[in-house]
């Protein structure tokens, strides 16, 4: 039944519903409706993004803090259970191992049962998406719940499994950003452009890092280095604005919950400010960077090959295919047994949480000098004021526990990365790097117990400064980033070691970037995700190689003067998504692009006015309304491989046509470009 309308007395003549005419308080309701329409118009402007970025930052800060709060309660319950079971070794062992085994198996089973995209870090897939590849259903909101629950269970295992939350939280932030983008597009009644979506996803990646560490500057820079090969400076403010909102809200919640008196850094340090290091120590910081670079190459090589072994081994591949929770439980049992405190875990500070690991490693006092004439007892519980007691053993010494910690955590982390569950891998790498730096710093403090003498002044060595540099250098070398130096400063709240830390990070990257792909690039290769290899500079001869050497010359074109019978044969015999449109079959002059879906739809709905038996051509279909796209960008056969690679990366392209004097002569897609780069980097052996 149609709604009745009428005219209000004294109105301009615009009809309104009778319900509005006779309803209570019509003027107030009209005012409220007008205000809401004005608010909608203001909020959903095409170029207004501040409200979107604020909502994204605040939401991710709330989620991050809520997860930390819940995880902290679960970890505290685990410690209470381990403490209250008594002195029986069997009960203590079961209380220590069953907890992480149950949590990890549930994390793997729950997340994988909902969606397989919820496992792992998520950063390799996001990096692939931002390069232009479409991964279906990867940003669906249903993945969000699976990722949150699975990640919470993973982190609730504590330092036993030794995993973090950076990568999965970036994935969560990007999913929220994609969902908010769809909501905004629906409210406006328009579809969001691909470029706009990429801009918002880049800002969301920065928010994910910032709300984990409360570090907006390094969050933006780290997300740019990891996720993008090219970045628009115009989009800079989005990342910084959203990351600042998220980091501020994250630390503000800690103040509201009486965890902090004011907004401060997460891992506060007490490094000497007047003279934090002497000039000769620069050499040791650079040497530490080279050591971290070499060790990062060893780690990346072992991790990538072990992951390949797990996937190809007959037994492990079958277990992963049939019962992922069983594999997760088996690995968790191994890791928990190794870290059992009365056993081997006594020599690797296994009772400390990951945050306590960093707090203790950043201590500016020399443990080796403090234990030279004293032997502190091993407390029944970790002492918050003396966490370094957990690193000391009278027979093993500080150097033994640090070295043993590095050796054990090295292979344990590699094993943990094979578990199909939501988990981050940056924080464990950061802690391992801090242990490397701490070991070198303790060795230097013993070698120079009175400090380094230069010009008559004595400056004692602070091992905590080397731990800070090692954390930034090793994590930067593994991820191929420089922003980890800034992250170390934002985490500790001190910048007194800015120059030596940055030099260590650069030295580590010199080694790792020339010998191994980054952790995320290696994962992309292991998962066989579509990606373009990186051409490192111009010195490898990418300019002499031109497009005509690797383009696909078997190009199927559609000419305007082609009969419809031949068009149908071409469409049914090929499965390409788009066809190059040429002027005539003889000239082969490229004039546009026809999408396969539009062409099939036009062929199926031929006009009824066409006389039967009359020969029709493709131009008749085009004149009837079949849409075509202009060719805005094309390659020349003389275009170099380096230039083609830069175009594909910069514009996130999937394929381009090759023309010579206007004639369509071939095409280049990711497949041809990747094969050409791989052949250039690893040329085949001469026959």
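One-based numbering along the chain as shown.
Each Cβ is built from the backbone N, Cα and C atoms, and glycine gets one as well.
In the three-state DSSP reading, residue 278 (Ca(2+) binding site) counts as coil. Residue 278 (Ca(2+) binding site) is surrounded by 18 other CB atoms, counting those within 10 A of its CB over all protein chains shown. Under the heading Ca(2+) binding site, Swiss-Prot lists 259, 261, 278, 281.
The domain 'CBS 1' feature in Swiss-Prot is assigned to 551-609.
When DSSP labels each residue, the domain 'CBS 2' (626-687) comes out as 23 helix, 16 strand, 23 coil, counted as helix, strand and coil in that order. Residues or ranges marked as domain 'CBS 2' in Swiss-Prot: 626-687.
Per Swiss-Prot, topological domain 'Cytoplasmic' is recorded for 507-687.
Among residues of the same chain six or more beyond the transmembrane segment (52-72), those with a C-beta under 8 A of the stretch's C-beta atoms are 148, 151-152, 155-156, 165, 169, 172-173, 176-177, 180-181, 184, 200, 203-204, 207-208, 210-212, 238, 241-250, 253-254, 257. Per Swiss-Prot, the feature transmembrane segment maps to 52-72 (among others); the stated evidence is sequence analysis.
Per Swiss-Prot, the feature transmembrane segment maps to 94-114 (among others); the stated evidence is sequence analysis.
According to Swiss-Prot, the transmembrane segment annotation covers 161-181 (among others), on the basis of sequence analysis.
Among the features that Swiss-Prot reports, transmembrane segment is placed at 204-224 (among others).
Residues or ranges marked as transmembrane segment by Swiss-Prot on the basis of sequence analysis: 236-256 (among others).
The transmembrane segment annotation in Swiss-Prot covers 282-302 (among others) and rests on sequence analysis.
Sequence-distant neighbours of the transmembrane segment (325-345) (same chain, 6+ residues past either end, Cβ-Cβ under 8 Å): 89, 92-93, 96-97, 99-109, 112, 157, 159-162, 316, 319, 351, 408, 412, 415-416, 418-421. The feature transmembrane segment is assigned by Swiss-Prot to 325-345 (among others).
Per Swiss-Prot, transmembrane segment is recorded for 396-416 (among others).
Using a Cβ-Cβ cut-off under 8 Å and counting only residues 6 or more beyond its ends in the same chain, the transmembrane segment (417-437) has close neighbours at 104, 107-108, 111-112, 118-122, 146-147, 150-151, 153-154, 162-169, 288, 291-292, 295, 299, 303, 306-307, 310, 320, 324, 327-328, 331-332, 354, 357-358, 361-362, 402, 405-406, 409-410, 463, 466-475, 478-479, 484, 519. The transmembrane segment annotation in Swiss-Prot covers 417-437 (among others) and is backed by sequence analysis.
According to Swiss-Prot, the transmembrane segment annotation covers 458-478 (among others), on the basis of sequence analysis. Remote same-chain residues near the transmembrane segment (458-478) are listed as 269, 271-272, 275-278, 281, 284-285, 288-289, 292-293, 295-297, 299-300, 358, 361-367, 426, 429-438, 440-442, 444-445, 448, 450-452, 484-485, 487-488, 492, 497, 500-501, 504-505, 507-509, 511-512, 518-519 (criterion: CB distance under 8 Å, separation of at least six residues from the stretch ends).
Summarising the annotation, Swiss-Prot assigns transmembrane segment to 486-506 (among others) and lists sequence analysis as the type of evidence.
For the domain 'CBS 1' (551-609), the model's average pLDDT works out to 77. By number of Cβ pairs under 8 Å, the transmembrane segment (396-416) is matched best by 161-181 from the list 94-114, 161-181, 204-224, 236-256, 486-506. Sequence-distant contacts of the transmembrane segment (94-114) (same chain, at least 6 residues past either end, Cβ-Cβ under 8 Å): 74, 78, 81-82, 85, 142-143, 145-147, 149-151, 153-154, 156-158, 160-161, 324-329, 331-333, 335-337, 339-341, 419-422. Contacts of residue 281 (Ca(2+) binding site) defined by a Cβ separation under 8 A and a same-chain sequence distance of 6+ are given as 444, 452, 461, 500, in order along the sequence. Counting residues 6+ beyond its ends, the transmembrane segment (282-302) has Cβ neighbours under 8 Å at 410-411, 414, 429, 433, 436-437, 440, 444, 466, 469-470, 473-474, 477-478, 499-501, 503-512, 515-519, 522 in the same chain.
Residues of the domain 'CBS 1' (551-609) grouped by DSSP class, helix first, strand second and coil last, total 19 helix, 16 strand, 24 coil.
Remote same-chain residues near the transmembrane segment (236-256) are listed as 49-50, 53-54, 56-58, 60-62, 64-65, 199-200, 202-207, 209-211, 214-217, 219-220, 223-224, 262-264 (criterion: CB distance under 8 Å, separation of at least six residues from the stretch ends).
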